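Following: one structure in structure tokens, then a few remarks.
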Amino acid sequence: MSKTFLRPKVSSTKVTDWVDPSFDDFLECSGVSTITATSLGVNNSSHRRKNGPSTLESSRFPARKRGNLSSLEQIYGLENSKEYLSENEPWVDKYKPETQHELAVHKKKIEEVETWLKAQVLERQPKQGGSILLITGPPGCGKTTTLKILSKEHGIQVQEWINPVLPDFQKDDFKGMFNTESSFHMFPYQSQIAVFKEFLLRATKYNKLQMLGDDLRTDKKIILVEDLPNQFYRDSHTLHEVLRKYVRIGRCPLIFIISDSLSGDNNQRLLFPKEIQEECSISNISFNPVAPTIMMKFLNRIVTIEANKNGGKITVPDKTSLELLCQGCSGDIRSAINSLQFSSSKGENNLRPRKKGMSLKSDAVLSKSKRRKKPDRVFENQEVQAIGGKDVSLFLFRALGKILYCKRASLTELDSPRLPSHLSEYERDTLLVEPEEVVEMSHMPGDLFNLYLHQNYIDFFMEIDDIVRASEFLSFADILSGDWNTRSLLREYSTSIATRGVMHSNKARGYAHCQGGGSSFRPLHKPQWFLINKKYRENCLAAKALFPDFCLPALCLQTQLLPYLALLTIPMRNQAQISFIQDIGRLPLKRHFGRLKMEALTDREHGMIDPDSGDEAQLNGGHSAEESLGEPTQATVPETWSLPLSQNSASELPASQPQPFSAQGDMEENIIIEDYESDGT
């Protein structure tokens, strides 16, 4: 039997693997041939997935004896390779969920996805258009696994889009293109967008091809897109056109899965803005990070099974180490499983073998009796945390809450020395968090974090003197970051002064036993500075457009010239100029000004630029996002204008400014000249 006979049994890695493991180099270092390892991995995974029970139970099955091996297996040494693969198989694949009960996802989220699948797939109307679902959430929270398990249980086919790999451009192909003796041959190329459109058309029109082991007794199917073509991130309008067309001609549901990112790249807002979601009726289901309690149960189950099977070959972590792993993975269960396997697979010299027949509970008692000193124990926990290796991130809502609520730990006289009596008013308990670390984990620039802090700090104070002191710290922090020449150097110092100053100024929260009148929830809001700064930039553009004859900067034009023009009785025929002067040059006669409308800050906000709320100029030096990218801004130009050159410059007016409504009849009116009568006549 030749090796080619085994090749049709090898399926795609995308289908068999739950996730690309981080331990592929284990198999590369082995002496097993490629065809042997591949065929074994596919056969074992397919048998465990389809015909066997759950993963945790199937891992207890013993291997076959040597006498039952075929001649082909003995030739290629499959006995040793099976033992090697069973010992070094990535745990993220070995313990992947197979049923709903094994999912580390909240039951309400599973029911929400299942309800959508039943309504859009199982109860779908014949002439119903294409429905679209957007699933978001942090990496490793079970988005794709939940969808595939529910689809498998309900008998729904999943046709998944995978970005095609372009063929390599060989040197001979390059020579053949420019060979004068032969005909000109272009290198065959097709854009990913064209391939993606063709895939959607074929997937919604034809059924899935029946592969080895597939069950196609049902015609219910969904299209899954998790890895979008890269061109859509540059030109999102092309994706929007594809979505609009699919809603009209689609025959099966289309599901997109996008992972959240706290590093500043908000792909959901770029690819699926609010307008497109409302226009195409896109449903949105957001997953939360895996809860520490659920993750702890999942890791304990893996540790128990591995300890019973390979107790002498792995290092069994204790409860403290597992809790440290759960804290360091930030709700990513894949990262936690990989870290658990990596931390347990240490060298033979560091292994602590157990005696035969010793249970895991007795081994834990033995480890407690032989526990080392505290500094060594702390170093071991730090080693496990370093193995986890994932940066801990905070949403903006939680980061602001840690600063504004400023929880503290009570100290005794033995813990730290007290301040002298003349400095007793500055005495505070130790903070539970480091403000600099909180800002760093929020993945936000320091000056932007100060804006959110300035907007919300007043509601957390009880004394006016404390508010005055906190405002002084914020003012000093703004001075440090005000100069653009030194902003990059002093930004971290400015944020440190602002955060620590606000926390220190709040005397009502200066001690652990008094938390500012209780720890009741207070809503947070986005800074009003965004709306005010947007209005200021629009007024500058309008002033330059309406008064081009005055060669003055926008600031001087609005503070020195326009207020005086509002007091003069110079007639003007341009209604836009009149409205603008009345808006800028005259203040309303109000004793009490109402607060601007505030936009609430949700618990999943990233604090990044939001074009719908006027945040696009927050960090671009007063320019909009389009101007910073070099894109021209569009303006509303009325078609009925026929003004002189001195007044016909409103083509750059923003849409929020009043536009002139003069018609052709108004332009033919005579100019009214008012005579000045002196007191002596």
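Just so you know, glycine gets a Cβ as well, placed from its N, Cα and C.
As annotated in Swiss-Prot, motif 'RAD1-binding motif' covers the listed stretch 17-25 rather than the other ranges in 17-25, 134-142, 314-322, 494-502.
The candidates are SER86, SER369, SER421, SER662; Swiss-Prot tags SER86 with the feature phosphoserine. Candidates SER70, SER236, SER656 were compared with Swiss-Prot; the annotation phosphoserine appears at SER656.
Its Cβ placed at the centre, CYS141 (ATP binding site) has 26 other Cβ atoms within 10 Å.
Taking the mean position of the Cβ atoms of GLY137, PRO138, PRO139, GLY140, CYS141, GLY142, LYS143, THR144 as the ATP site, the remaining same-chain residues with a Cβ inside 8 Å of that point are SER259, PHE287, PRO289, ASP332.
Take the CB of GLY142 (ATP binding site) and look out to 10 A: across all protein chains shown you find 22 other CB atoms.
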